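Contents: one structure, followed by commentary.
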Amino acid sequence: KQLKIMPPKKSLSVCRAPLILFLCQVMNALEVPLDLVQPPTIIRQSPKDYIIDPRENIEIQCEAKGKPPPSFSWTRNGTHFDIDKDPLVKMLPNSGTLVISITIEGKAETYEGVYQCTARNERGAAISNNIVIRPSRSPLWTKEKLEQITILKGQSLILPCRPPLGLPPPIIFWMDNSFQRLPQSERVSQGLNGDLYFSNVLPEDTREDYICYARFNHTQTIQQKQPISVKVHSMDELNDTITANLSDSEFYGAKSYIERPPKLLTPEGRTSHKEELRENVLSLECIAEGLPTPSINWTKVDGELPVNRTFYKNFRKTLNIIHVSEADSGKYKCTARNSLGFVEHTISVTVKAAPYWITAPRNLVLSPGEDGTLICRASGNPKPSISWLTNGVPIEMAPDDPSRKIDGDTILFSDVQESSSAVYQCNASNEYGYLLANAFVNVLAEPPRILTEANLRYQVITDRPAMLDCAFFGSPIPTIEWFKGTKGSVLQENTYVFHDNGTLEIPMAQKDSAGTYTCVVRNKLGMAKNDVHLEIKDPTRIIKQPEYKVVQRGGKVSFECKVKHDPTLIATLTWLKDDGELPNDGRFSVDNDHLVIMNISDEDDATYTCVANTSLDIVSASAVLRVVDRPNPPFDLELTSLLERSVQLSWIPGDENNSPITDFIIEYEDALHEPGIWHHQTDVPGTQTTVELKLSPYVKYSFRVIAVNSIGRSLPSEASEYYMTKAAEPEENPTAVEGIGSEPDNLVITWQPLKGFDSNGPGLQYKVSWRQKDGDDEWTSVVVANVSKYIVSGTPTFVPYLVKVQALNDVGFAPEPVIIVGHSGEDLPMVAPSNVHVNVVNSTLAEVHWEPVPPKSIRGHLKGYRIYYWKVKNSSKRNRRHVEKKILTFNGSKTHGMLPGLEPFSHYILNVRVVNGKGEGPASVDQVFNTPEGVPSAPLFLKIVNPTLDSLTLEWDPPSHPNGILTAYTLKFQPINSTHELGPLVDLKIAANMTSLVLRNLSYSTRYKFYFYAQTSAGSGSQITEEAVTTVDEAMASRQVDIATQGWFIGLMCAVALLILILLIVCFIRRNKGGKYPVKEKEDAHADPEIQPMKEDDGTFGEYSDAEDHKPLKKGSRTPSDRTVKKEDSDDSLVDYGEGVNGQFNEDGSFIGQYSGKKEKEPAEGNESSEAPSPVNAMNSFV
């Protein structure tokens, strides 16, 4: 398989006929095979203007082909050049190229001249161009003594270069002694002639090493002119002494020059003329002087400047138009302009043209008896003359040939014979140059031959042109036909394109275009054919392109490029950076279709391209990586317009690092009061680089600037120079002034001192003034140092004072300060509240009332009233003990309050005290009160012992909180059958002094549920529940034992147990999912007895709820193994409502919430238990 690279498409000749491609005789694409006789053809020669390096051997090229191989000869300056007579000259074998050896001996100047090569064989002679040999020259500058140039600031200046004439002309540039190029600008620039032009000079232009250099590229040498010294003075008649005594501002502010409108330095006058040759670069120049520096603008007077061929150089002082033509002739105007005026110059441009081809003569291959034509047409300005030569001799001097006829720029051939073979030369010349072309006429009789290699295989991408070659030769010119497949018909022109050189083009190849194609060529002497094979491949596509990325410096980025290609081709994926190779850097890694860049830096900001290519096609996709970061710090901070209370700050922004600067933050340092600490001054928009800053007196300022963009803040800039403002009186007084006594006989005046920044001057002090608010006393004042407190002693207790604090410094006082009201020190209240009495609301709540104390007796700020109360004894004669005192505080001037959380049936004492900022006053007379009885808590425990066939023994302990005198216990119980149905309820009253009871005449082997609670005169307390089972009859038990020994019974019981286990598992699952089962439905049908009111004379309860048995203990669960049920500890507690340590009341003294003891939940609540039923309990129900 061979991959054929397709040649460029060529247009068809007008002589092509339908179906069969008849090729014209005038065909430059038809090459004569080298094995056939043909005249010479020059294939390589040296340029017309050949500048040589005089230090190297001279090589003059002349190569030609032909059959037989041609011989070569040379002329020099129009006469035969006998190379055999010059030992330094030799001709290369099988070539006409001359080599002149001058490196050892001889001089290049000896061989200057015009050379022409002739290649000759039996069919004719071809000649080369006239080759002009000239050695390059790089002469030195002539020695000259250059005086220092002294010039006034603002004047114009031209430093001449005038390089020596060289061959070719040198390249001019200006540098200093350190070989550094001199900076150029709109003000200073180099002209096309090499001179250095100054539109106006500045003091920084003073230097002693303005050096013009000439670089001769051909000899790789650089020559330099003597340095030119320039001294720029700022003012006439200034000497160094006067200058040294002037300040910077005086020196630079002095106007030692005069502003003026522009004036052209080059070209001179108002008009000039320029001539240029076609296809060259037209360079027009205008350089002007003036102050301010002029700007240059270009226009074409009689048309528009060509858009795509116009370029500006040298700060728009040079206009370049490339590939000029006659249409670019006309008038061009340059305008130099500044704020004072303008000047214009018009350049008339004429474009001339050396000869150029319209139709160059081309080789003719004819068979005997055929006709042909040679055409030689050229143009130029002025119009070139056309002359013909044959075999290097003017055609007028050549032997006559009856087969040819000359008609100006055309030679007509008719009925040619083999003797008509020759080489013809056409020369087109005018004053700007000449053109010389060789074209042979070769008369041959040859059968067709195909020059393209047989059975070539082409591979082409779908939808792209396929070019199938069939190069051929024959004389007469053969005809060509194309076929597809072994039995295909002649291909038609409506689908295919037939090229003159025999190539078949398929404009858009498709999958069905694949196959074998045959080309057949014929003339009267024979026929030839050739097969080529076409394969169509799928195109390579990028199915996922890399995407635009914005990444912060130091980060990581990944580009993805997924490619799909024809499976029979091998694709390679290459990544490029800005169309070049990726850096050889470990930070770059390529993994399959990903490019990963680590630790990104600014240099990585570029366009990244993934290039996927196969042997047939190439596709690419690009994405931009934008590297962003916080801005670089601003720099070059400068303070200007220095005034007492303002300054102008300017700066130059640092690099914004691809993220626009949005803000600048200005910070200042006060080196006098807080050195090293920076404070925020102001923010300015990111487009602003100058700001006027308001300043405070007596501050040593330094400023810095921080740039902000979307990524973050830059580092701070370098600090600016210091600027010290003058002192002034303070503008502010201290804040947070207070007057509060710490003792009954003093007044402590405090304030927040001014910061050093606000002092506005040296010697900061404070004038402290005070007097009684309600008196007629004068202000008492004292001046203190820079402190924050002053104590006035010997004041009356708790008297209002007017207080003010004023700042002052060595310059003066601050404005009059604000007066505040303070108080001298407080003392303890002197009087206790009177007429205290208590109203008991219920067993846990009491209301207290009192009369307020006189205001004067408070001797301070009234904070409120505080109630102390405590429990003395229990009315039930038990647990006589003192408990800790409790405190409730009521803010403000309240005269009543509520005492919550009291214990029922208890004895309490309380008193009331008034409170101020100093503390409490004396206590009021103690008040005694008692709380009434309440309902008791549940008995401490209930346990069932000594079960027999028909009796159970119950034991219990009294409630831990009887909350009164117990009057009785109530016991209720009922049996539970095997289906968990509850039997009739039995209600018993038990004396309060009993702690056990034996229940008799019970059914054997029966489960009972018990409900037990205590009572006081206030009602029934919380109940506890328990269950127990009477024992089994011994005879029945023995029978059961006998049965139990039987195998069938054991098997039956196992089956029953297994069924029960399965049933329990189903019930457990359904219960967890909220489902119901038969027992549950029965429970739902009958309310639990504990849901019903427990009336003394009501002997009926709801049915037993199995869920109640399995509640957690605090909800009445099954008893532990010792059958003891303990009542859980009471959750009763005092809810603190007072505002002191122990609680608060509302503003109106009302009690928040209510006190209540927690009771055991009623049996009905057992149905809500989430605890799973115990399998053990379920088994017990079947016993």
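Placement of Cβ uses the backbone N, Cα and C atoms for every residue, glycine included.
Owing to the predicted nature of the structure, the values given are computational and were not obtained by experimental measurement.
Per TrEMBL, the features are as follows:
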SIGNAL    1-29  signal peptide
DOMAIN    40-128  domain 'Ig-like'
DOMAIN    135-229  domain 'Ig-like'
DOMAIN    262-350  domain 'Ig-like'
DOMAIN    355-442  domain 'Ig-like'
DOMAIN    448-535  domain 'Ig-like'
DOMAIN    539-626  domain 'Ig-like'
DOMAIN    633-728  domain 'Fibronectin type-III'
DOMAIN    730-827  domain 'Fibronectin type-III'
DOMAIN    832-934  domain 'Fibronectin type-III'
DOMAIN    938-1035  domain 'Fibronectin type-III'
TRANSMEM  1048-1069  transmembrane segment
COMPBIAS  1078-1098  compositional bias 'Basic and acidic residues'
REGION    1078-1183  region 'Disordered'
COMPBIAS  1120-1129  compositional bias 'Basic and acidic residues'
COMPBIAS  1167-1183  compositional bias 'Polar residues'
What stretch of 40-128, 539-626, 730-827, 938-1035 shows the most Cβ pairs under 8 Å to the domain 'Ig-like' (355-442)?
40-128
Contact call for the domain 'Ig-like' (539-626) and the domain 'Fibronectin type-III' (633-728): at least 3 Cβ pairs under 8 Å, seq gap 6+
yes
Based on DSSP, tally up the residues of the domain 'Ig-like' (539-626) by helix, strand and coil.
3 helix, 48 strand, 37 coil
Across the domain 'Ig-like' (262-350), the model's average pLDDT, rounded to a whole number, is 95
Among 135-229, 730-827, 938-1035, point out the range having the most Cβ pairs under 8 angstroms from the domain 'Ig-like' (262-350).
135-229
Secondary structure content, the domain 'Fibronectin type-III' (938-1035) (per DSSP, counts of residues)
2 helix, 54 strand, 42 coil
Within the domain 'Ig-like' (40-128), count helix residues (DSSP H, G, I), strand residues (E, B) and coil residues, in that order.
7 helix, 46 strand, 36 coil
Could you tell me how many residues in the domain 'Ig-like' (262-350) are helical, how many are strand and how many are coil under DSSP?
3 helix, 54 strand, 32 coil
